[in-house]
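Here is the structure we will look at.
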Amino acid sequence: MTWIWSNLDLIWDRTFDHLILSVPSIILSFVIALPFGWLAYRYRSSRAVILTTVGLLYAIPSLPLFIVLPFIVGTSIRSPLNLIIALTLYGVALMVRVVADGLGSVDRDVRQSATAVGFSGWSSFWRVELPLAGPVLLAGLRVVAVSTVSLATVGAVIGAQSLGSLFTDGFQRGIEAEIIVGIVATVLLALALDAALVLLGRLLMPWTRRSAIGVTARPAPVIREVAA
Amino acid sequence: MIEFHSVTKRFPDGTIAVDDFSLVVPSHKTTVFVGTSGSGKTTLLRMINRMVDPTSGSIDIDGADIGTLEPVKLRRSIGYVMQNSGLLPHRKVVDNVATVPMLRGMPRKKAREQALALLDTVGLDRSLAERYPSQLSGGQQQRVGVARGLAVNPNILLMDEPFGAVDPIVRAELQQELLRLQRELGKTVVFVTHDIDEAFLLGDQVVILRTGGKVAQVGSPAQILANPIDDFVSTFVGAERGKRSLHVENHGNGNIVVDETGRLAGVLVASQSTAATASGSESRAGPRGPGASVQGGDSR
């Protein structure tokens, strides 16, 4: 405990470093995954190729990637940018499939009706399909957020500062409290980001919150005759 | 006026949905396409707003070939109502109705005001405006669907089995509501259904379709009922089974109307109440002839 009180500043700094690594990676992986996921969803023939390729990204071991990446993109090995790129790649690997599945989960009737009343392809994507894929996207993003926060700790091994540095440092110097703080703070940060995403989802997708008042049971789904 | 000129639609898999179809859909009247699954009725409807383009032939609206019009713009000028309402689940009722006017550039405030007025028109309470579609009953959702279809004040209203997924009582209510609206608004309505009774109730012109989008018979309900052109049509309208041949039997307490199969179709009532019970159908030459009306006994 005394270690914590005397090192609060350090803990805050490492938490901040950790956020600098994870938050941009989470946002970037979402943004980059969007067009690829859309392609996989829109063009059946591209689906297998895209999903397999990005899926393979996840199979790359993280430590070698952190080391090899600087040679490819020319960043310094300890620069946060190096880590952000690597973390983004892993995020994209998870997120592309989620985007494809999320867009595929949008009710066919709703998509057709949007076209029928005069949404263009572009506006239908942004105003109908993307928002309606929201719950699935959010679920995927939560996984990406938690996995990114935990992966970011690995950067400490190559010297990129994060909460992971607390346990590498704690190990080297034999400070048990520092190791525990590093682990607990990482978990707490992951939980905090997850909670933030849930909150954001509620704000952006108010229709998924069903108020108990005035909810009438939806009629049982009727099986539609196909293309009468 | 909508004109189909020798329209054929062949899907990539080789299915012929519509085969050499020609028809004039008169303005300010209701035309009903009726047929079983696979009769191409929905395909025909979707050709009018270019959701589907014909393989050959052309469609004119008021003399202009719609093949030359920009599909998105065309769709924004035509009302569309579908089964299960097709409302956007992530938009409130009022925003669903205001959607298309806003796509056409109407300011949000004005579009929402107009949407509230449209809720009145279709008989919905304004208190529902701020709810999401999933918080409404099936019948209410369908009414919102109609309000959305009317939102740009289109000349043409396309309705694709709009009342197919609601229970019979609500369906009857919605049908009467549509007849009332149509008396007030006089749109060119093209309505698709597989229910012949619905077709006869709503249609000024009824088009009976066979499998593969071939016309079996076109006419007013009375014409079709009085002179079914062939066995297919008489079977389809139920004349074959004696469902449409009604006679009166006196059962002491009242006159019961019975069809040829012996099924009780309803009670014979005096003509004064005709106006009250069947308001809307008295002005049209419906199957339920003048002077008498049959209560109850829906043929479904």
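Yeah, the Cβs are placed from backbone N, Cα and C, and that goes for glycine too.
Among the features that TrEMBL reports, transmembrane segment is placed at A:20-41, A:48-73, A:79-100, A:136-159, A:179-200.
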Out of A:20-41, A:48-73, A:179-200, which stretch touches the transmembrane segment (A:79-100) the most, going by CB pairs under 8 Å?
A:20-41
Is the transmembrane segment (A:136-159) packed against any residues at least 6 beyond its ends, judged by a Cβ distance under 8 Å, and which are they?
18, 21-22, 25-26, 29-30, 62-63, 66-67, 77-78, 83, 87, 90-91, 94-95, 97-99, 101-102, 105, 130, 165, 167-168, 182, 186, 189-190, 193-194, 197-198, 201, 205
Chain residues outside the transmembrane segment (A:20-41) and at least six past its termini with a C-beta under 8 angstroms from it:
47, 50-51, 54, 80, 83-84, 87-92, 94-104, 125, 137, 141, 144-145, 148-149, 152, 155, 160, 162, 189, 193
